[in-house]
Amino acid sequence: MESFVAMKVVCITVLFVIVAVNESATSEARTSSAAKETKKKNVTLHFPSYIRNPQKLALELLEICKNNKSRNSLPSTNYSAINDKYVDFKNCTFLCKHAEDRNVTLDLPPNTLCGPNGETCAEKSKCVGHIPGC
């Protein structure tokens, strides 16, 4: 009987932890202005497995893309986009799209992981990019 009660306590504790983690992630996403503007939720990003939080990186790159548009005085359209297929972890660059015919290649932030052993874009020569099958 004691083990049954203990099992219930463990299950309830696990449930609370799952709810707390989910709530924490939800509120963090709400605070990001880029996240508020993202129309799709539950997007699957195809980044290498060493990228621990793909959605956070994608939102950061989208913000860099938007800031680049305003710095370069491009026409004020609300369109800025990135595509996970055009993020080059080997060269630490990504493609930023401002309109149908206006693309620019930008640098990934220096602290972006670019290899499975903690390599970052701060030292591009050590980057290994995407490892097939991983």
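Note: Cβ is positioned from N, Cα and C throughout, glycine not excepted.
Looking at 8-27, 48-67, the stretch flagged in Swiss-Prot as region 'Required for Borrelia OspC-binding' turns out to be 48-67. Here the candidates are Asn78, Asn103, and Swiss-Prot annotates Asn103 as N-linked glycosylation site.
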